[in-house]
Amino acid sequence: MKNNILLIGFMGVGKSTIGRMLCKNNQDKFFLDTDDLIESFYGDTIANIFASHSEEYFRKLEYRVASWLSLNMNNSVIATGGGFYKSYNMKEIGKVIYLKSEFENIIKRLKYESDFTKEVDKRPLLKDLDNAKKLYNSRVLEYQEIADETIEVDNLSLEKITSKLR
Ligand code: S3P
């Protein structure tokens, strides 16, 4: 079994922030983000890939990145795009941790703790909040089902969340 940690969960829940923090003072683990890998492997932003190709094309890129990770990576904390878990058997890549938050809390955090327009511009599937909520509802049980562990992040500080993962 690979010793990677895969962070899964809905857009904006804090997978990258938490993964980065977990690796910051940890010489043993590398931090990776699947959206960043797609952008550097394919030389374009996620927003442009959706706009100039299609979601289906983006999902194929996710599959290729997932299979690359399963073949090549170890000792990593990997923040995954919100739909990445559908692309591959996550267990072949590592231990799966679901970061769970209520939809309304995710949107609240994005609105008040960051630049909401910038966050939405990066994420085509967050543009229409009604559709995003439907997407959230369709995924919430699936995240839970494939996860080895679920961490409810609402009301927990970043320090508390990372300490649960150590
Ligand atoms: C997506 C989530 C995004 C990104 C893409 C699609 C999704 O990643 O992969 O826009 O399907 O939920 P984040 O979860 O990091 O925002």
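Any Cβ shown, glycine's included, is placed from N, Cα and C.
Taken from TrEMBL as is:
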- G12, V13, G14, K15, S16, T17, R123: ATP binding site (BINDING)
- S16: Mg(2+) binding site (BINDING)
- D35, R59, G82, R139: substrate binding site (BINDING)
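This view paints the features noted in TrEMBL onto the structure.
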residue	record	DSSP (3 states)
V13	ATP binding site	coil
D35	substrate binding site	helix
R59	substrate binding site	helix
G82	substrate binding site	coil
R123	ATP binding site	coil
R139	substrate binding site	helix
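When Cα-Cα distances from G14 (ATP binding site) are compared across the binding-site residues D35, R59, G82, R139, the shortest belongs to G82. With respect to ligand 1, the binding-site residues V13, G14, T17 contribute no residue with a C-beta closer than 6 angstroms to one of its atoms. Summary for the binding-site residues S16, T17: the Cβ-based neighbour count within 10 Å is maximal at S16. Highlighted in sequence order, G9, M11, I18, A79, L99 have their Cβ within 8 Å of the centre of the Cβ atoms of G12, V13, G14, K15, S16, T17, R123, the residues recorded for ATP, and are not part of that set. The separation of D35 (substrate binding site) from V13 (ATP binding site), Cα to Cα, is 15 Å.
For G12 (ATP binding site), applying a Cβ distance below 8 Å and a minimum sequence separation of six or more within one chain yields I106, I107, R109, L110, E119, R123, L126.
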